[in-house]
Every structure is written in structure tokens, then in C-alpha cells.
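Over in Swiss-Prot, the protein carries these features:
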type	residues	note
TRANSMEM	17-37	transmembrane segment
TRANSMEM	48-68	transmembrane segment
TRANSMEM	86-106	transmembrane segment
TRANSMEM	179-199	transmembrane segment
TRANSMEM	212-232	transmembrane segment
TRANSMEM	254-274	transmembrane segment
TRANSMEM	287-307	transmembrane segment
REGION	358-438	region 'Disordered'
COMPBIAS	374-390	compositional bias 'Low complexity'
COMPBIAS	404-413	compositional bias 'Low complexity'
MOD_RES	Ser422	phosphoserine
COMPBIAS	425-438	compositional bias 'Basic and acidic residues'
Amino acid sequence: MPCTCTWRNWRQWIRPLVAVIYLVSIVVAVPLCVWELQKLEVGIHTKAWFIAGIFLLLTIPISLWVILQHLVHYTQPELQKPIIRILWMVPIYSLDSWIALKYPGIAIYVDTCRECYEAYVIYNFMGFLTNYLTNRYPNLVLILEAKDQQKHFPPLCCCPPWAMGEVLLFRCKLGVLQYTVVRPFTTIVALICELLGIYDEGNFSFSNAWTYLVIINNMSQLFAMYCLLLFYKVLKEELSPIQPVGKFLCVKLVVFVSFWQAVVIALLVKVGVISEKHTWEWQTVEAVATGLQDFIICIEMFLAAIAHHYTFSYKPYVQEAEEGSCFDSFLAMWDVSDIRDDISEQVRRVGRTVRGHPRKKLFPEDQDQNEHTSLLSSSSQDAISIASSMPPSPMGHYQGFGHTVTPQTTPTTAKISDEILSDTIGEKKEPSDKSVDS
């Protein structure tokens, strides 16, 4: 059924509606907070919670406005879907920390959910980069194979380098994906250990579970960020149109700062800077450390929201002829089928590697040609030169996708690859047919 006139013009009224809803929520929330302050004794804990709430009220509208603008101008789903997921990190972090600051007893549960979303953000940032590259450069593997060999960064510089091409692409994606598996697993283990009374968060001791889980999470997180950095280093030139440095710093700083400041606070507890002499309204020193971490995050997320507003701007995706209903854009934001397919693909590839089966080739080779000769062939060089010489957008859009991507018409990398593959096979058949005729 076609949309009515009201729904067809949803872009005109959705933003004022959201602004009105937010103002109403402010009118309701502020008196409740004031009433809460009058009901309780105003101590350090309550003051910290109230100040954090002010930053929360400043953070959420900035983040939600950028998310809403992406939904209004939802013209390139393969790029904007991971961006929207990344933008949700700031309000989730801020709201989660504010709740944990108010109710320290449930801090372990809400904080672990926040940390799981952290892994989800790193995965989506990698997905954003790969989606852009595979759409603009369907022959990405050939481009990688034509590049000079990239060595590992310190401290892995002694390890043998990953082969340029499909191997490097697969291992970088797998290195990021492993963190999205390790982090939820360690989160579940942390919850179980908390119920058993052996977690002891914030206390560096090899007699509790928290220390071991921190080490595991840290190693997994560092390797995921290392794979992201290596991926960017190799494809720096191809990624330059989307200005990935600012985006990478936003993701990296939020993830690393939140993690390492928790480690620093735990060290302050260990050396006695934060001691039982000053716990204020908190029951234990560990609760003070957790509350301090949550309070700092509420302030940091306000700065992160401003940074995200500029680095993940919606403006490059504004198109003159926009299509799609509000329901399509809103539902697409919650669609996780791409993640399911990606995880299934990586699991199958790891399984084939473990069983010793050969990897599936994205680009078939002739039996009489090896990797070196195929890269030197004219067809490969033409494909690389064509992909590298695509003109930039005169309107500032990210182009090279063949046509404007809308929720109704979304090109897939597989279709583009099939077209290139069929053209290549057709070119190979023509000389053989001529030789037979002669």
C-alpha cells in the first residue's frame, strides 16, 4: 500500500517531533532529579550523580540528532548502517554509566553490557571500511596483491608478514572479529564469577578472576586494534576519500581511554591512593573506583558526542533524489543479518583452513599462470587502473558504487564481482574461439 501524503513527507516533521519529545522528557526528568536531591542527603555520591546527569542530558541530544539525520538521509545503507551502530555507542555508554553511578549494586551487570557493545563498535568500524572498499573497488584483492609487501609493526615485527591480497584481508577481518567473540565470552564468565564471589573487580590479585579476565580482554582488544591499524596502513590511499583517521581516533580513544582509565583507577586502589578512609556514601573501596570510572565516562561521552558529530557527519550522504519510507530506514538500523552472514562466512573459512581444504578464490586463475604472471597481465592492470582512477564526487558524496544506494536498491559486492568475472571469462574465450576457426 503506498504511503499517504503525511507519511511521504516524514522527513519534514520527524526532526521537530524528536525535538519536542526531548524537551518534554527534560521537563519531566529535571523535576524528578531535583526531588531526588531533596529527598536524599546531598553528599559526594549524590552530587556526582547529579553532575553526571547534566552531562547525560547534554550528550544524548547531540548523538540522537546525528543518528536521526543519518536515518533521514539513509541513501547508502552499507556505509550508514555501521555508522549508526557506532554512533549509538555514546548514548549507551553515557546512560549505562549514569545508571551504574546511581545504583552501585548493579554496576557489574550494566558495565559488562557496555563493554560488550564496545566490541560491537570495533567490529562495525571494520565493516564500515570493508564495505566502502568492496563497493568502490570490486577487485580489491587484486589491488592488494599489486601493493608492496607490508611488514608487521612492533612488537610483531619479527613475525613473518601476511601475504598481500586475500590472506591479509581475511586475517585482518578475523583479528577484529575475534574480539567480538572473546569479549562477550569473558563478560559471561565475569557474571558467573561475580555470582560465585570470586570476581573481585578492581583488585589486582592473581587469586581472583578479574585480573585474568582483564589480561585476556586487553590482549584481545590490542590485537583487534592492531589489525585495524595494519588494514588502514595498507589501504591508506584507497580509504582517503572517507577521511578514516578522525573516525579511527574517535573509536580508538573511546575504547582505549575507558579501558585504561579503569586500569589506572584499579592501580590507585592497589597502592592506597583510594583507600577505605574516604569511601563517602559508597560501601567499599571497589565501589568508589567503579563510581569514579562511571562518573568520568559520563563527562567523556559529552566530548565524544561532539567529536562524532563532525567525524561521522551525515552530510556526505545527502542526495537530491532521496527515497525510502521512515519505517524502512528505522527497521534497517536494527537489521543484523549482515553480521550473521559475516560471522557464518568467517566460521566456514576457518573450518576449511583447519580441515586443510583450499580457500575459495575470489578471482580464478589460469592453470598455466601463477599469481605473479596474472598480476602482470593487461586485464589485471587495466582493472586496477580503472578502479584507482575513479573521479571524486563533485557533490562531496562517496561515489564509485555504480548508482545511488537507497533502501530499495542496494548493490551487493557479489553481483559486481560476478559481472567482472563473467567479463574476464568472456575475454579468455574469444582468443580460443578464433584459434579453433583458423
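Placed from the backbone N, Cα and C atoms, the Cβ positions cover glycine too.
For the transmembrane segment (48-68), the partner stretch with the highest count of Cβ pairs under 8 angstroms, out of 17-37, 86-106, 179-199, 287-307, is 86-106. Below 8 angstroms of C-beta separation, residues 115, 119, 122, 125-126, 129, 150, 152-153, 156, 168, 171-176, 178-179, 182-183, 186, 189-190, 193, 206, 239, 244, 248, 252, 255-256, 259, 263 of the same chain, each at least six residues beyond the ends of the transmembrane segment (212-232), sit close to that stretch.
Beyond its flanks by at least six residues, the transmembrane segment (254-274) meets 89-90, 93, 118, 121-122, 202-204, 214, 217-218, 221, 225, 285-286, 288-289, 292-293, 296-297, 300, 304 of its own chain at Cβ-Cβ distances under 8 Å. Beyond the transmembrane segment (86-106), the same-chain residues lying 6 or more positions past its ends with a Cβ under 8 Å from any Cβ of the stretch are 48-49, 52-53, 55-56, 59-60, 62-64, 66-67, 70, 113-114, 117-118, 121, 124-125, 128, 251, 254, 258, 282-283, 287, 290-291, 293-295, 297-298, 301-302, 304-305, 308, 312.
Under 8 Å from some Cβ of the transmembrane segment (179-199) lie the Cβ atoms of residues 108-109, 112-113, 115-116, 118-120, 122-123, 208-210, 213, 216-217, 220-221, 223-224, all in the same chain and six or more residues away from its ends.
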